[in-house]
């Protein structure tokens, strides 16, 4: 979008008073109430599910590495939904869209990218955990020590925060046209880049670099881990043992496919293919549905999580009886 086709450039993006207008779902007037109720229920169930898993793992005295990573994943999902969904619900409640300050928009984008990136790195760490468990079972306890798990968790968080900060600064240093209407329900990177008054592809370079660091690099690590796992499974003669080993990876694979499927569709593409209506639909899925699916997938597939939840519910029933 060229500045010549815009109204007068309002290049005040360095001021803290600049506001953006999130249009949200302004085109769906007749569906506002049912959508609001649906997403409110989904949001509350998502918070309850992730909070239950988080508390259950925290209260467990002995936590294997996979449960430690799962606890961090639930914490990320809790923060992730709280950063995005309340503003989306508010946009459904108002007719003319909701305003967000320049700094508020930048903070929302930074937290969203950082949390999403931390999840990508964490999925890579979880795949390494599965690799060690299957390919080096005798050394598992020594390799996946508590210190290593803590270092991996810290690296996931700090690395994602650094990349997200660089991307956010690069995006909000761009000149924006006078019309600061974001056709989205939150400050997503493609939606904000669409407002930039430039015809070149230079503004997309920071997004491309962030995609390489936050999406491609962890994906390659996950792929390498599962290639090694597949090779190891081929050398297992017993079909029962092979199936049991593979079943420990199903939950992680399902979560990885959900996360990377939506993220790849939204961010790994040129600016010319940007479609606000399509992006909002996909964003609804990965900000509302996928965080709901994660606790369901892990609680149904992971025996340790099911056992911990049973003990938690048993303690609750005993406390109520007393």
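Backbone N, Cα and C define each Cβ position, glycine as well.
Per TrEMBL, the feature domain 'G-protein coupled receptors family 1 profile' maps to 49-298.
Taken from TrEMBL, the feature transmembrane segment applies to 35-59 (among others). Sequence-distant contacts of the transmembrane segment (35-59) (same chain, six or more residues past either end, CB-CB distance under 8 Å): 25, 28, 67-68, 70-71, 74-75, 77-78, 81-82, 85-86, 88-89, 92-93, 284, 288-289, 291-292, 294-296, 298-299, 305, 308-309, 312.
Sequence-remote contacts of a segment are chain residues at least 6 beyond its ends whose Cβ falls under 8 Å from one of its Cβ atoms, and for the transmembrane segment (66-89) they are 22, 24, 36, 39-40, 43, 46-47, 50-51, 53-54, 57-58, 60, 98, 100, 108, 111-112, 115-116, 118-119, 122, 125-126, 129-130, 133, 146, 149, 152-153, 156, 185-186, 255, 284, 287-288, 291, 294-295, 298, 302, 304-305, 308. Annotated transmembrane segment per TrEMBL: 66-89 (among others), in sequence order.
Here TrEMBL flags 109-128 (among others) as transmembrane segment.
Among the features that TrEMBL reports, transmembrane segment is placed at 148-172 (among others).
TrEMBL lists 207-234 (among others) with the feature transmembrane segment.
Positions annotated as transmembrane segment by TrEMBL: 246-269 (among others).
The transmembrane segment annotation in TrEMBL covers 281-300 (among others).
Sequence-distant residue pairs (6 or more apart) of the transmembrane segment (207-234) and the transmembrane segment (281-300) include fewer than 3 whose Cβ atoms are under 8 Å, leaving the two stretches without contact.
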